[in-house]
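Record features (Swiss-Prot):
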ACT_SITE  D698  active site, proton acceptor
BINDING   L581, G582, S583, G584, Q585, F586, G587, I588, V589, K604  ATP binding site
DOMAIN    416-532  domain 'PH'
DOMAIN    575-831  domain 'Protein kinase'
MOD_RES   S37  phosphoserine
MOD_RES   S44  phosphoserine
MOD_RES   S346  phosphoserine
MOD_RES   S391  phosphoserine
MOD_RES   S395  phosphoserine
MOD_RES   Y426  phosphotyrosine
MOD_RES   Y457  phosphotyrosine
MOD_RES   T535  phosphothreonine
MOD_RES   S539  phosphoserine
MOD_RES   S730  phosphoserine
MOD_RES   S734  phosphoserine
MOD_RES   Y741  phosphotyrosine
REGION    336-370  region 'Disordered'
ZN_FING   154-204  zinc finger
ZN_FING   271-321  zinc finger
Amino acid sequence: MSANNSPPSAQKSVFPATVSAVLPAPSPCSSPKTGLSARLSNGSFSAPSLTNSRGSVHTVSFLLQIGLTRESVTIEAQELSLSAVKDLVCSIVYQKFPECGFFGMYDKILLFRHDMNSENILQLITSADEIHEGDLVEVVLSALATVEDFQIRPHALYVHSYKAPTFCDYCGEMLWGLVRQGLKCEGCGLNYHKRCAFKIPNNCSGVRKRRLSNVSLPGPGLSVPRPLQPECVPLLSEESHTHQEPSKRIPSWSGRPIWMEKMVMCRVKVPHTFAVHSYGRPTICQYCKRLLKGLFRQGMQCKDCKFNCHKRCASKVPRDCLGEVTFNGEPCSVGTDADMPMDIDSSDVNSDGSRGLDDSEEPSPPEDKMFFLDPTDLDVERDEETVKTISPSTSNNIPLMRVVQSIKHTKRRSSTVVKEGWMVHYTSRDNLRKRHYWRLDSKCLTLFQNESGSKYYKEIPLSEILRVSSPQDFTSISQGSNPHCFEIITDTVVYFVGENNGSSSHNPVLAATGVGLDVAQSWEKAIRQALMPVTPQASVCTSPGQGKDHNLATSISVSNCQVQENVDISSVYQIFADEVLGSGQFGIVYGGKHRKTGRDVAIKVIDKMRFPTKQESQLRNEVAILQNLHHPGIVNLECMFETPERVFVVMEKLHGDMLEMILSSEKSRLPERITKFMVTQILVALRNLHFKNIVHCDLKPENVLLASAEPFPQVKLCDFGFARIIGEKSFRRSVVGTPAYLAPEVLRSKGYNRSLDMWSVGVIVYVSLSGTFPFNEDEDINDQIQNAAFMYPPNPWREISSEAIDLINNLLQVKMRKRYSVDKSLSHPWLQDYQTWLDLREFETRIGERYITHESDDARWEIHAYTHNLEYPKHFIMAPNPDDMEEDP
């Protein structure tokens, strides 16, 4: 055998045992286009199969040996070519050995035929004519394949819809939207923004495709198209293949260009230059993949490559900063738009063309809205792999969920201990100094009998502490005792804490027992910070030399149109930092408690530093509207506090929201009876708003709060950050609200009026009764509304009355002039129901206030009950609400 036909010594097995990279097998665009894979994909070729049958006149059967695995294949004789066999090899590797594939494998594999009669058993195949029936063909990797080839592994991306909050694995920012939020790699399962797809490194691990090499493949399983080179295939269109199963989607090969990949690998790896950074959007640490939590300065960001991580993770990040890598003349670094300030524009116009008075436009893109996620929300399943196909009997609409714009946060299971240790104290009632093991958390100060037991002597809720002051009252001290170090003042008793032994030097032994000025001062500082965990303490700045700092912490309380200066919110309310109730347009809502009365409240904390100075008036929009609203169906505003950095809006605290009630129901939807009861209350509250020319603009189940956990609860509207003052014949054009509940005129940037809220009511009725959103984003809203088969599929709409569907149809009218008003909706037969009226009257009697029904209807319903032999209760309260009579039109 000649040297040319012998396998070179440098050749190596195509599947070494130590290969760890997992990679698909793309090949260059210059490879033959008549390969086997194309024919396999359209069915004109029989797929290779494991068979023992003998070849016929029209087929050639032979064995392919790849490493330690043999595959029996059959190919049509007229289609047998060297390129076809190589295509077949690539397909087998792609499915059975993804960890051994690499970029451009097609051009770097050699085929050898086993010839047992030759001294050199392996004979290099240079033509398909050398392959005969029953031959054993060995696949060998060429010496031209380098380590670099194995390191370049492109991702196979397809458009994907996520059912849970998901973050981009490249830049760390959230994937926004309701559907088709980003791209998922079919090989490794990582998720990316579309804008990041051209920047990601070609490092697919292929873990989702990895298959045991000793498992035989079925015949049809090998009919996989050979993908083109990354430079030759554009990204998959968002409009196509979105709702196909992953196995049926055609992946798009994307990532950095190969020339850039080679350039990056040759660069010298340098350490990152980290600096503390504040993020305006939810971002995860790119090292530990956990959320960067907080209001500001949440983490560290590399100044050069924009890598994001926790402060604790910065020291663990590899020294692999790429610097300012450019692509098409633009930086490839991540997070460039996360640093941009929120751009707020003003473009409201009334019907007469005049400018709106306090109507600066909200940030137009929904992505600019700030919100924070609780880590427990990220533990759920990140996505689903399949989507139900459209059929007349099942709905293809999006299941009802808490949209990303208004994530529902849950309270943590346990408070974090802020400080613990031994401390001494006596009180204004008992001057005997006692020693206990103090433990301070975010809600209370507990005095334990010892450091390990669960028995405690006293528990002091932080909400009962009126203030912490320096030592002033020494009248209660026993004779001969050392003075105390600071005082904790509550409504009923004063705690004199610490013992000043007069020593100027630190004594560790005494400090461990709670004696000494330094240990007491550390406790004083910790308690002051715990009293107001979300803002600097005004009470800390007490010395005359700190006048400037004191002014910075001065607050103003606005309550019942009265202005009180130098009022610190921490002296009136206790804010629980670990009890996050939710997030609104401009801030986060925390649970809180009034110190003197113990009343539970909800406190929205707004960070003014995130917005331009000229837009500060917009931050007060919600407060300005709520101050003039006094209605049982609208959340009550107690007061507002303001510092130069923050605004604190104090409101009544309610039990939960309507969305939570819907999702927790047995079928994830509400019965008609309860829906009627709640929708009537919503419409009555809207009637009060519209009478005052106020349009909510962001009505959705998340903003309908429940006062209790009863089956028929009182509901109240909240979150007026988007609300607008719109006259009866006026229009606005500013971008407002949540897209899933918005009317078409807002989504199309056309003028809208108060009928905007009525469209939202229609969506609320729909999602309450069905548990799904009414529209699929893939189709035009007009077409979907006119197609009753898809708008109201039998499951579940066969169980729902035709009157409910009729009301929904009259509310979901694309033309605003045809859309029902509040009064027309309340007069609709679906809501004019005797049982609904009884439920509402029972509720009004229970709370002792009549504001939903009207006394003029009593006679009509009494006649109705008499006519139909129904019971008419006599215990209902009869007096209407005087305020309701004055305000209603």
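Any Cβ shown, glycine's included, is placed from N, Cα and C.
DSSP classifies the residue listed as 'active site, proton acceptor' as coil under the three-state reduction. Here the Cα atom of V589 (ATP binding site) is found 17 Å from that of D698 (active site, proton acceptor). A sphere of 10 angstroms centred on the C-beta of L581 (ATP binding site) encloses 23 other C-beta atoms. The two recorded residues, Y457 (phosphotyrosine) and Y426 (phosphotyrosine), have Cα atoms 13 Å apart.
With the fewest other C-beta atoms within 10 Å around its C-beta, Y457 stands out among the modified residues Y426, Y457, Y741. Annotated pair Y426 (phosphotyrosine) and D698 (active site, proton acceptor), C-alpha to C-alpha distance, rounded: 53 Å.
All protein chains shown were included, and the count of other CB atoms within 10 Å of the CB of G587 (ATP binding site) stands at 24. When other Cβ atoms within 10 Å of the Cβ of the residue listed as 'active site, proton acceptor' are tallied across all protein chains shown, the result is 27. When Cα-Cα distances from D698 (active site, proton acceptor) are compared across the recorded positions L581, S583, G587, Y741, the shortest belongs to Y741. Using a 10 Å radius centred on the Cβ of V589 (ATP binding site) and all shown protein chains, the other Cβ atoms total 21.
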